[in-house]
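Sequence annotations record features per position, and here TrEMBL assigns transmembrane segment to B:56-78, B:85-107, B:127-150, B:180-200, B:206-226, B:233-259, B:265-283.
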Amino acid sequence: MNNRAMIQLEQVTKIFNAGRVNEITALNNVSLQINEGEFVIIIGANGSGKTTLFNTIAGSVIPTKGKVFIAGENVTFLPDFKRSKYIARVFQNPFDGTAPDLTILDNFRLAALRTQPKHLTIGNTTAFKKRVREVIARLNWGLENKLNQPMGTLSGGQRQALTLLMCIMDNTKILLLDEPTAALDPKSAEIILNTAQHLIQEYHLTAIFITHNLKDAQQYGNRLLQIHEGKLVRDLDATAKQKVLLQNMYEWFG
Amino acid sequence: MEFYLSALVLSLCLGAMSMGVFISMRIFNIPDITTDGSYTLGAAVTALLLVQHWPVYIVVLISMLSGSLAGICTAFIHTKLKIDALLAGILVMTGLYSINLIIMGRSNIPLINLHTLFSYIQIFPHSIYNTLATGIIIIGAFAILLWYILLTDFGIAMRATGNSSSMTRSLGINNNKMKIIGLAMANALTALSGSLVAQYQNFTDINMGIGIVIVGLGSVLIADALRIWFNIVAIGAQIALVIAGSFIFQMVLAVTLSLGVDPNILKLVTALFVLLIVALPRVKNVLKPNE
């Protein structure tokens, strides 16, 4: 980890339904710097603004005010598909991160081209298949022998694990994990989070992990943020985070 | 026999449109009604240029380009103006009726004694076999081309767009751009179909495209049923099934006509046949809910 800013938010405000009776200020003047190599955990109650913050970084939400920088580039108005040159995502819904009708191999082929143009050439070569097998084999689930199976035939846990592995196919810098284990059984959840942690260390990724599970918030990451009513109310570095007890975190939620 | 061979040739000509509907409906998950208009557009452009003795391969190429333009219009209305794809297709289809009339200048153009794509092959003594060979070569070539495109990195990105838009956006794919290209391809194939049918039947009629989308839809639904039945995943086999679906569809209509059914109710038979394909699995579920 170093002090080079990978993600910067400058006084970001996001108001939904502005001027209407159902106006919501999801983010209120949030400034934040996340440095290269940091593994940031974000916690907060439902409706606190976690997902809006996440989507503002990913590019799915354009802020009402303020600026967003990634690796020094002002990306405030850059749509999500263009920000993918920096960012790889694992969605909350295991079915959002993969295409069910495409084979495992085809899904990985697209992931390998995340930052590159998709040409009219056949890229699923023998060498590429070998590479995909090697990547998938680290799960020890035997999926490396089912590359031609449609993704839709796999379980939610398997698909989420493969989505995670797809993130490392094209030299990503930032990994966004949006409650990736919320819909999974405890065993699958543990495998996915452990795999995520290994990948973050192995590939020196900058990572953000949103979770409602306070045990996970305590166990993983080297920085902890809490959001409440659209504002960052707590920002703990690695040392301070290590000292936090589970009981303390429960108390933060009132 | 010749009656059924004619139906086979027609199914090949309409196979191009079925491939187009396969792209819009199965690949992009878009109900594209532009088909009715772009089919006639392909035929209208073909008629206009053939009667002026343009080289037939250039005529077909321009017909396909005109179809792709119609597809781009629908995709543009849908993606840029955020109007529902169904409504966008209806709007373009409606507009195309007038455009097709302007192109044709009248409601019907005969194409008798003109040099068409079906004039090239003269191997067999019976003309229907020559026509059939031409149809197989043309549709086979476009099917192989489509198969190749869908196997490429670009094609995988296309297939993923209609399958999981959140996934494709996170992988750097511009979904709107993909839809524009996809509907352009789909309607180019539909226009090719219109062009081939006009050349085969030796006339273009302003009403020839009305309800034609149901034929493409039926072919794709038959292909879907076969795909699920035989658990087929390979994209090449899926394209082949779509052409087979077109053949089965035309054969059902041919058999219906040979049974002496009034040709005036052929559209009704078509609609009922498609309803049957769609409804059969549901009827089975209603009758045996526990299975």
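Every residue gets a Cβ built from N, Cα and C, even glycine.
No curator has checked TrEMBL annotations; they are predicted automatically.
In this chain, the transmembrane segment (B:265-283) lies close to the transmembrane segment (B:206-226): three or more C-beta pairs between them fall below 8 angstroms, excluding pairs fewer than 6 positions apart. Long-range Cβ contacts of the transmembrane segment (B:56-78) within its own chain (Cβ-Cβ under 8 Å, at least 6 residues beyond either end) map to 30, 32, 34, 37-38, 41-43, 45-46, 49-50, 84-85, 88-89, 91-92, 96, 115-117, 119, 176, 179-180, 182-192, 194-195, 199.
The transmembrane segment (B:85-107) shares the most Cβ pairs under 8 Å with B:206-226, out of the stretches B:127-150, B:206-226, B:233-259. Residues 3-4, 6-8, 10-12, 14-15, 17-19, 22, 26, 139, 143, 146-147, 150-151, 155, 159, 215-216, 218-223, 226-227, 266, 269-270, 273 of the same chain lie 6+ residues outside the transmembrane segment (B:233-259) yet bring a C-beta within less than 8 angstroms of a C-beta in it.
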